[in-house]
Amino acid sequence: MEFEESSIGEECGVFGCVAAGEWPTQLDVAQVLTLGLVALQHRGQECAGIVTSNGASPPTYTTHKGMGLVSTAFPPEALTKLRYGNLGICHTCYSTTGISELQNCQPFVVDTLHGKIAVAHNGELVNAHALRKKVMRHGVGLSTSSDSELITQLLALTPPMEELDSPDWVARIKNLMTETPTSYSLLVMFKDVVYAVRDPYGNRPLCIGQLVPISKLHSPGAQEEDTEGWVVSSESCSFQSIGAKYYREVLPGEIVQISRHGVTSLSVVPRPEGGLPAFCIFEYVYFMVYTVRQRCGRQLAVESPTDADVVSTVPESVTPAALGYAQQSGLPYVEPNTRLRQLGVAKKFGALTDNFAGKRVVLIDDSIVRGNTISPIIKLLKEAGAKEVHIRVASPPVRFPCYMGINIPTKEELIANKPEFEDIAGYIVVFTAVDTLLILPWCCRYCCCDYCSIPDNATLQRKQTTQWQMQNEILNHEIKLQT
């Protein structure tokens, strides 16, 4: 029995590193960048790229890109080529706008009036089509189908009021924010600095870490003199593996300069009046906020307890919710020996038989999208000898596509929009003999972009007109999770 790929495409990941102190540095910047990408591999597996710079004036940029996983894209000889950089940025790709091929692989490097810049982008521009036309009217040719190249070209344009002799990067980035409101977290490398930028809605995550000696990694409050370098990443989960301490988050709308001298906030661009923050709900559900996902699992146990023997998970991303359910219910958590969704052949399921045979199982999933993945998994559990299977889903129903960088199927494909969703438990029971099923009605609604789950036609009509304006309509509501 073969499973389909996951119905929701993950996002991209960006990572940057700037060595502190005197240059040339003793810090292996290329190795730090590679390890950072490995830690972000779950955010994209199609291709990866690294650009390093010696930070001189003019700087020498060295680039390497490759298709596939980081381990495939960066053989030892590639790292040797990149190792002489004092700073660099990198990207692991899940393509959203544009097709999956090497020419769309980031970071992009372009020549500007003042020298080369390199840009890495996580997110998706909501007005990319209009921007492409606008950039082309300026006589700028585009060589890829990626909206990330649009960002690079917009940054290369000279904004109004800029002096001719030097670039004003705050003005250039603000000009970009004027042209497109969301969705992006950006790393821009120019000469000897990296600029870290989040859109004013904060739709995509970005945080800064401080590289310190291993002996200082777990000590409270590393001092400035302990700093070996600075890193910036889509997720803080990448910090531990490279010897970095979490420093702080880049705020929505903030422009941060990272240099060998430290971290400096240059400006914060506000949202339009009345605009709420719009952090992507799928970052909570799938990726980075461990405690939120764990509390959703606890809430599932409060709202829908059941007599069972063990709790387990479907994909790895829902492990925190499963642990939360187990803690709240007092049931043991069983870690599958292999990920159920990656079982391309039924014989691989044999290793799970001892865990579930004769037991009543609560299986936690993070979403039901098309509704055609959960049924085969339940069937395999039953075939493995599970006495009962109870499904608990730790996110709201997915009703609409996303226009900000998550590859959600079309509205027509989503089971939440089909008649069978009105009795989805009964629908699944018919095929798999599931015993009970509960989808958590709402989670993380306050200050989140959760358009994909809001069942409101008026909101839908507004959203189809202008994606980002719907943020003003998000309800000021937060579920009271019991701890």
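Backbone N, Cα and C atoms are what each Cβ position is placed from, and that goes for glycine too.
Automatic prediction, not curation, is the source of TrEMBL annotations.
Over in TrEMBL, the protein carries these features:
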- C12: active site, nucleophile (ACT_SITE)
- S317, D365, D366: Mg(2+) binding site (BINDING)
- 12-261: domain 'Glutamine amidotransferase type-2' (DOMAIN)
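If you draw a 10 Å sphere around the CB of D365 (Mg(2+) binding site), it holds 25 other CB atoms from the protein chains shown.
A Cα-Cα distance of 19 Å separates D366 (Mg(2+) binding site) from the residue listed as 'active site, nucleophile'. Calculated from their C-alpha atoms, the gap between C12 (active site, nucleophile) and D365 (Mg(2+) binding site) amounts to 22 Å.
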